[in-house]
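**Student:** Quick one: the structure is below, questions incoming.
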């Protein structure tokens with residue numbers, strides 16, 4: 001098999017192709033290609049149909065033909081055989097070559113110009129929007145404060161409404177203004193002072209001697225509350241439960257409770273601080289206790 005020849009056809013090849021077409025007709029391209037070394041049947045067919053056939057129009061395409069090709073291509077796409085049937089004497093290959101070499105460039109050029117124009121306009125719009133947004137984002141905000149240009153550390157701040165002119169003799173004066181933050185100080189509620197009368201038990205008890213001054217009553221009440229917390233709370237409960245009708249029985253119980261608490265307290269005081277009792281009588285024995293109230297005083301060393 002001879003090597004395939006690529007490139008333009010020579011005059012000798014064209015003459016040989018015409019003779020073979022007259023001999024075999026414009027159909028048997030395989031037999032025709034055997035008489036032309038290096039050319040395939042397809043190459044012979046294209047050369048004949050596009051260039052050498054007497055039916056092919058070699059005149060330039062008219063503007064009417066160009067308009068027909070452009071309209072048909074917009075409708076049919078790249079179906080060149082279908083488009084060529086709309087033109088007398090034009091082959092599909094001729095129409096395709098004319099489109100690729102001339103019409104496509106013209107149409108794409110016009111479209112390209114329009115597209116570029118629109119694209120430039122579209123590109124300008126975002127740029128304008130970006131520039132506006134950039135300017136607005138970084139525009140100086142009037143905060144009502146004025147920074148001193150002559151301050152070494154730039155900390156001096158003053159009200160912009162009182163900015164002195166550079167030529168003013170008071171241009172060196174700056175009034176620092178505090179900047180209020182986003183914090184709200186909630187005042188603490190004042191403690192509610194409860195009267196001692198609402199917390200005192202219905203029955204007032206005291207360890208002081210009869211005839212003692214009333215000035216030490218509040219102090220004694222506080223000491224009693226500290227010394228006998230269990231007794232005080234339990235006494236309140238008993239008063240509420242028993243009522244006024246059984247007051248006599250309740251007082252007996254209260255006296256027994258007081259004796260027990262005093263004994264416990266005195267025993268603890270003797271162990272810790274070495275205190276002693278003055279003004280009271282103590283009964284010894286299994287049922288011993290304090291018959292009368294006395295004053296507890298610390299031992300003086």
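We count from 1, first residue shown onward.
Quick reminder: no glycine exception, Cβ is built from N, Cα and C everywhere.
Note that the structure is predicted; figures quoted are calculated from it, not measured.
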**Student:** May I ask you to indicate which of 145-167, 237-259, 260-282 is given in Swiss-Prot as region 'Disordered'?
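**Tutor:** Checking Swiss-Prot against the ranges 145-167, 237-259, 260-282, the region 'Disordered' one is 145-167.
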**Student:** Please count the residues of the DNA-binding region (29-52) that DSSP assigns to helix (H, G, I), strand (E, B) and coil.
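**Tutor:** Within the DNA-binding region (29-52) the tally stands at 18 helix, 0 strand, 6 coil.
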**Student:** So how many of the residues in the domain 'HTH myb-type 2' (58-107) end up helix, strand or coil by DSSP?
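**Tutor:** Each residue of the domain 'HTH myb-type 2' (58-107) counted once, the result is 35 helix, 0 strand, 15 coil.
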